[in-house]
Amino acid sequence: MSMFRAVNLLRSHTAMARSSMRSTPSVAMQKRFLSIHEYLSVNLLNKFGIDTPKSLPASTPEEAYEAAKSFGGKPVVIKAQVLAGGRGKGHFDNGLQGGVHLINTPEEARDLASKMIGAHLITKQTGAAGRLCNKVMIAEARTPAHEYYVAVLNDRVSQLPVLIASNQGGTSIEEVAKENPDAIITTPIDFKNGLGQDKALEIAKKLGFSGAEQEKAAADIFVKLYKLFEAKDATQVEINPLAETKDGAVLCMDAKLGFDDNADFRQEDVFQLRDVTQEDPAEVDAAKYGLNFIKLDGNIGCLVNGAGLAMATLDVLTFNGGKPANFLDVGGSATAAAVKKAFEIVLSSQEIRSIFVNIFGGIMRCDVIAEGIVQATKELNLSVPLVVRLQGTKEAEAKEILRNSGLKILAFDGLDEAASKAVEVAK
Ligand code: GDP
Ligand code: MN
């Protein structure tokens, strides 16, 4: 694999890259992943025999105090539990700097927990709104002598899982990937046979641990990380830092695990760890109604049936100089009530300046959609212009319903003219 590819692979898998990709619908649509919190990830690592510092979660300042106390007065780290990387260098919306603090007393744990819990942590991966911190993790402090980076990911190009490792781990790994790609070692892994002990040891030697014992420990971790990746249908197992401590231990001091949503049926124990408070509320709400919704950052609300047509719709809007506010596939079996719900969700975004309904009636009947549109428009007091294109099954009936509704609906037959109208009225 070329360095260029390795770098791009690493970059494309960081949450930062993923969040900036959200404005590109075709990428945002490819896959939804489950992420789980660090305090839960460490349990999973431990189950696979991978060492981490000892830790306890806490939901209140008092629990944080007790947790810190249980480490016998030794220094601990307090870590905000939000589903985003870059916590160490982040800041809270109440002014507190840093989502990771090294502290010496249980009182400090209580004090910091009281500031972190209930606040939003903003990091370079969260966007300006940040993520709500509901819990903190109290971990025994260890002193890293050196910080490494290791991750297992799927590589689209080789169509294999790969282990990515660097001896320049820590909070600036993205910069390392950009400026010093030679510092990243990428190793393809045979899907069936896993990562061999010899190969793993070879990687560890290249990274340069302090001695044979540490090389062996690191290699052992690499092998087990892949085992976890495979057994749990993970899409991302990222450890940063993998630390060699002053006392010669090799430990995973942070963990970011992602899982393939398509595997939820056979990974129930993992998927029950989902924390919806970390997800976009509109997206969570939509999923409950069987609507496939992804928020984007434009101002034209979209309501479409079929993922392919939905993507084409976003493209045509973009092509006409508009910016879609969302991807929304209402599916093939939506009821009028679900359509109304879809409108509500689209309208929950403050930025909406027009709504574009683009339905190709097949299994989904146009008249059902039209009824949903009329209901929603009346009940929700719709004030933004509504551009509608309905074609296919029960099209004539649908048009009749819209005409008789007395509502001001801009109806079109052609996709291009409808899209350009939706763009025009949004301006
Ligand atoms: P992230 O910023 O979200 O990636 O959070 P991390 O869990 O990786 O913590 C950020 C940084 O804090 C790490 O890269 C370490 O340098 C540091 N850190 C974390 N735990 C400890 C610890 O126990 N002792 C010391 N000295 N530093 C720590
Ligand atoms: Mn980290």
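Glycine is no exception: its Cβ is also placed from the backbone N, Cα and C atoms.
Caution: TrEMBL annotation is automatic and unverified by curators.
Averaged across the domain 'ATP-grasp' (42-270), pLDDT in this predicted model comes to 95. Sequence annotations record features per position, and here TrEMBL assigns domain 'ATP-grasp' to 42-270.
DSSP assigns Glu147 (ATP binding site) to a strand in the three-state reduction. Close to Glu147 (ATP binding site) in the fold, though at least 6 residues off in sequence, lie Gly169, Gly170, Asn240, Pro241, Leu242, Ala243, Met253, each with a CB less than 8 Å from its CB. Taken from TrEMBL, the feature ATP binding site applies to Lys79, Gly86, Arg87, Gly88, Glu147.
Residues annotated as Mg(2+) binding site in TrEMBL: Asn240, Asp254. Within 10 Å of the C-beta of Asp254 (Mg(2+) binding site) we count 25 further C-beta atoms, all protein chains included. Classification of Asp254 (Mg(2+) binding site) by DSSP places it in coil, neither helical nor stranded.
According to DSSP, Gly362 (substrate binding site) sits in a coil region rather than a helix or strand. Positions annotated as substrate binding site by TrEMBL: Asn305, Gly362, Ile363, Met364.
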Can you list which of the binding-site residues Arg87, Asn305, Ile363, Met364 have their Cβ under 6 Å from some atom of ligand 1?
Arg87
Calculate the distance in Å between the alpha carbons (Cα) of Met364 (substrate binding site) and Gly86 (ATP binding site), and round it to a whole number.
44
Using all protein chains in view, find how many other C-beta atoms are within 10 Å of the C-beta of Lys79 (ATP binding site).
25
C-alpha of Arg87 (ATP binding site) to C-alpha of Ile363 (substrate binding site): distance in Å?
47
